[in-house]
There are 2 protein chains.
Amino acid sequence: MKLLNESLCFGGKVGFYSHSSSVCNTQMKFAVYQPPKAILQPVPVLYFLSGLTCTEENFMVKAGAQQFAAKHGLMLVSPDTSPRSTGTSDEDKDWDLGTGAGFYVDAIAQPWRNHYQMYSYVVDELPALIHKNFPVNPNKQGIFGHSMGGHGALVCALRNPDRYQSVSAFAPIVAPMQCAWGQKAFSNYLGSDQTLWRDYDATELIRKVRFQRSILIDQGMSDQFLTTQLFPETFEKACAEVGQALTLRMQPGYDHSYYFIATFIEDHIRYHASILCD
Amino acid sequence: MKLLNESLCFGGKVGFYSHSSSVCNTQMKFAVYQPPKAILQPVPVLYFLSGLTCTEENFMVKAGAQQFAAKHGLMLVSPDTSPRSTGTSDEDKDWDLGTGAGFYVDAIAQPWRNHYQMYSYVVDELPALIHKNFPVNPNKQGIFGHSMGGHGALVCALRNPDRYQSVSAFAPIVAPMQCAWGQKAFSNYLGSDQTLWRDYDATELIRKVRFQRSILIDQGMSDQFLTTQLFPETFEKACAEVGQALTLRMQPGYDHSYYFIATFIEDHIRYHASILCD
């Protein structure tokens with residue numbers, strides 16, 4: 001693990017790192033915010049998964065999360081959204097597939113399967129690396145994300161409720177099997193057998209598994225992708241049918257940008273802290 | 001004036017605009033954050049001047065200022081740091097001269113004088129445009145900035161204490177005549193007669209004029225430019241000699257980045273609000 005850059009921020013440290021990922025079979029980057037409290041004792045850790053086209057940097061630069069992570073004593077970790085420069089054919093061709101668009105799945109189809117293993121990377125390899133190198137309590141983990149990353153956070157949490165105690169999302173892709181972004185990603189990464197897609201679709205997963213806490217979702221009502229890619233009411237309906245607790249907040253006037261995330265980041269960190277912090 | 005993009009943020013609006021500047025003789029861009037209170041009544045306005053290489057966007061995206069501007073009811077305005085694509089020879093050659101490096105002076109030397117008039121743009125033209133198009137109280141103006149923009153804020157305020165009631169800075173270039181960045185900018189924009197440079201040097205200006213309020217400056221002690229370009233103690237000494245009230249806070253461990261700005265933005269907005277807001 002190599003430290004690329006580090007800055008003091010709200011009394012804690014924002015650091016950018018690279019490491020050799022065995023799961024993705026290439027160099028990967030991620031960012032960590034260590035709150036001041038982490039100098040004294042291990043702290044809970046909260047993973048943020050970013051959306052299409054993002055890197056490990058966007059969340060740390062734009063969300064304004066450090067202020068509240070410092071206050072509550074939470075470590076923040078934001079991975080990149082895909083492997084990069086792997087030599088996979090067409091990886092840089094489309095903005096919504098390949099580079100910057102790993103979709104938090106383990107690819108099984110060619111040419112993606114050799115590197116695009118973002119699900120295992122986020123759920124297994126990265127947490128192990130974090131536990132080894134940073135003062136975190138591995139039994140206190142939360143996860144959240146935005147758009148494609150909101151989808152990723154929901155899938156990781158629903159499939160591993162023993163590893164994540166809290167989950168929330170901003171404008172998540174809650175039903176990727178039903179939208180163009182998800183269909184494109186899944187057909188390329190997973191192939192044409194749609195039964196294999198269900199393990200990466202929050203609305204499908206919620207029919208089979210329960211999350212032990214209420215899930216928090218914020219959705220801007222002026223989001224340009226609301227009715228074409230996101231439709232949170234699909235997930236809300238599925239949760240209601242199976243008795244999954246969900247707080248879905250439709251926010252009038254807000255769009256899909258980080259200005260929306262920044263506005264509600266305090267609420268999300270407070271939600272996670274209420275579960276993860278003593 | 002043309003609206004390019006607008007997002008809701010903390011109940012207010014972040015907007016990006018372009019307009020035809022008569023002072024700079026080209027299209028210029030700027031960003032405005034309108035707090036929720038501006039829907040009800042005219043509010044005070046606080047200008048932020050950015051540093052080298054920045055655009056009108058950096059401050060709005062990275063500083064986390066909207067949260068506190070919303071709370072106090074302050075409008076925020078961040079102009080671009082120079083004219084762009086003017087056809088001026090060599091304007092894109094160096095990162096610290098020309099594009100992204102207007103240095104908030106009115107150029108008198110060729111080839112810059114036809115477009116590089118950032119001092120008059122910030123002090124005269126932009127405020128007039130803001131007053132005409134947004135619900136602001138023109139008698140309540142503050143100004144702050146970062147690095148080159150900290151220099152700009154100090155110069156604008158010291159030369160126009162009747163127009164600005166409050167001024168603060170993050171890691172400002174307080175003595176541009178004594179550092180390489182300032183010498184390069186001034187010799188190119190203003191020519192070789194150094195007596196003309198003094199009007200754009202805060203440490204020179206403070207020997208002649210007083211600002212009616214205490215000036216607030218934050219400076220990171222791990223700033224990579226501290227001892228080569230910034231040396232705030234030079235300004236501190238000059239202020240002490242003439243009896244100018246100054247709060248200079250040396251912040252251990254902080255660097256020159258927006259992570260430093262974000263950490264202390266609340267204090268700066270509180271300082272301006274305490275003077276500008278009723």
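From the backbone N, Cα and C atoms, a Cβ is placed for every residue, glycine too.
No curator has checked TrEMBL annotations; they are predicted automatically.
Residues annotated as active site, charge relay system in TrEMBL: A:SER147 (among others). Remark: A:SER147 (active site, charge relay system) has A:GLY51, A:LEU52, A:PHE170, A:ALA171, A:PRO172, A:ILE173, A:PHE225, A:LEU230, A:HIS256 as non-local neighbours, by Cβ distance under 8 Å and separation of at least 6 in sequence.
Positions annotated as active site, charge relay system by TrEMBL: A:ASP223 (among others). Other Cβ atoms within 10 Å of the Cβ of A:ASP223 (active site, charge relay system), summed over all protein chains shown, number 22.
The active site, charge relay system annotation in TrEMBL covers A:HIS256 (among others).
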Checklist entry - Near the Cβ of A:HIS256 (active site, charge relay system), how many other Cβ atoms are there if near means within 10 Å? => result 22
